[in-house]
Amino acid sequence: MIQTVGSHLRRGFASVFSSRTSRKSASRAGDADGAMADGEGYRNPTEVQMSQLVLPCHTNQRGELSVGQLLKWIDTTACLSAERHAGCPCVTASMDDIYFEHTISVGQVVNIKAKVNRAFNSSMEVGIQVTSEDLCSEKQWTVCKALATFVAHRELSKVKLKQITPRTEEEKTEHSVAAERRRMRLVYADTIKDLLANCAIQDNLESRDCSRMVPAEKTRVESVELVLPPHANHQGNTFGGQIMAWMENVATIAASRLCRSHPTLKAIEMFHFRGPSQVGDRLVLKAIVNNAFKHSMEVGVCVEAYRQEAETHRRHINSAFMTFVVLDADDQPQLLPWIQPQPGDGERRYREASARKKIRLDRKYIVSCKQAEVPLSVPWDPSNQVYLSYNNVSSLKMLVAKDNWVLSSESNQVRLYTLEDDKFLSFHMEMTVHVDAAQAFLLLSDLRRRPEWDRHYWSVEVVQQVDEDDAICHVISPPLGGNPKPQDFVILASRRKPCDNGDPYIIALRSVTLPTHPETPEYRRGETLCSGFCLWREGDQLTKATGCPRRTCMEHACPTRRALPACCL
Ligand code: COA
Ligand code: ADP
């Protein structure tokens, strides 16, 4: 079977490369729809917009829009978008990490746009964009982007949501990557727990100057809120945005107690609403500064709910971690005092905050960097494995979802598409093979079998089986381009089954570096940023296969960054 799939691909792809008769460029099938969708008048049917003029009653001590108020508006806009798609009430299940790029001043307008990126079973991912606008100068700024998950609730019955059909390139990309983000979200708590357990952080508490230390205890805050009808939807469930606003309030008080000035909230780590709360509940919010670094501090907040008649029965509703800085008049971050944690839980949280900071920075680097900014090979380590794997799959999905691929040649029913942007020349091949998609996936995703059908793979050794779907492999391939040395690659191979019917099977490959497999004089080290296969089921025994290498043109000439010859991966 592997021979059938492999030889289809080998013969097919080889014939495209040998075909010198480049056809007149033609658009990829389906572009007509894309063009229509991008054209005038198209608006995503789930899109909801909110514009608010920032008044003094919305601002904090610094005269800027309070993040709590912004979170309420974000949650409301996103909820209305989710409900527009679901056709029934929805609750906030989670809000992914948010990084605030700009503050918003009184008198400015905040514009919020939300749309459903993808519907799963009963949950949906909603993408939210927040910009601010200065009415006098007409300037606009991006404030933040957020991703929230809402769950549709119909009393007594489980809701099965209708699918979203993405139309524009941006919608297709978000739709495709949303499945990978969901996978990451659902294991988030376990991932963080594992990482914290394995992340060795040095605490240099003993060597710190005690005169600059503030006991963490001094920053502790406890505050109660009674959930009233204006805080809840028509079914009596507390709005997620309201809870986030209350959390931001206590976190700001704790942060102010450390710096004795007015701090600015820079980032929030994932809000996960573990359980609902209703009108009549009492919510107890507790916050404390877990750790203070040179220019930033982490404040942790936890929320519990109880009914008056059962005060001892407290439900854990949410916990979140917020990063604050203190800015001077020129918006430069100021030095912060050190924190002296309480023995026991305080010291544990102190160490965990340091670990979270490292994880946050690694993750921000991998997940939010633009492709062109990430070096080809990122060092592999347990604290970034989830994000590298996410980046591996989502990069391939984003590349394939682009709608400016141009058909440059076709031979033996194999189509070669190219795509040029500022830095990259990418190409992919598309063909139909007479094999069931699941079977083709099983065979192609086992990289150890690739030398059986691909002469560009001499050998593949699995160096580390990271989890069921991710493995790091050492690949050796023949010499190329006049250089007598064979090439070797250290590759993270990530495979994914479809999340629903329209999804492809994915086999994504990207280079990583491993201390156990350094460059050796024996081989020329090759690298790939993003390559692999997407397999779409087209029938019982019919699969559309896309082989997708990308190569960097400008860096191709640079000896320190040897981009991969495309025919190899
Ligand atoms: N992030 C994103 N989605 C999540 C999630 C998380 N942390 N935890 C669960 N979900 C999704 C699941 O993937 C599932 O989606 P699917 O149906 O599309 O596959 C959906 O939520 C239901 O999951 P299930 O396992 O059946 O239910 P649960 O017992 O985990 O409950 C909630 C999930 C969100 C319904 C539940 O935790 C809840 O009611 N939370 C409070 C929501 C709320 O009231 N928010 C407002 C502020 S209190
Ligand atoms: P953890 O203690 O593992 O961090 P929790 O969910 O219990 O997780 O708490 C989240 C955060 O809320 C803590 O890191 C801490 O900053 C804050 N917190 C928890 N309990 C209290 C408390 N009793 N007083 C003040 N802050 C608290």
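Cβ coordinates come from backbone N, Cα and C, glycine included.
Within the domain 'HotDog ACOT-type' (44-156), the DSSP-based counts of helix, strand and coil residues read 23 helix, 54 strand, 36 coil. If you look up TrEMBL, you'll see 44-156 (among others) marked as domain 'HotDog ACOT-type'.
Here TrEMBL flags 217-330 (among others) as domain 'HotDog ACOT-type'. As a summary of secondary structure, the domain 'HotDog ACOT-type' (217-330) carries 29 helix, 50 strand, 35 coil according to DSSP.
Taken from TrEMBL, the feature domain 'START' applies to 402-535. Across the domain 'START' (402-535), DSSP helix (H, G, I), strand (E, B) and coil residues number 14 helix, 67 strand, 53 coil.
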Q. Mean pLDDT over the domain 'HotDog ACOT-type' (217-330): what is the value?
A. 96
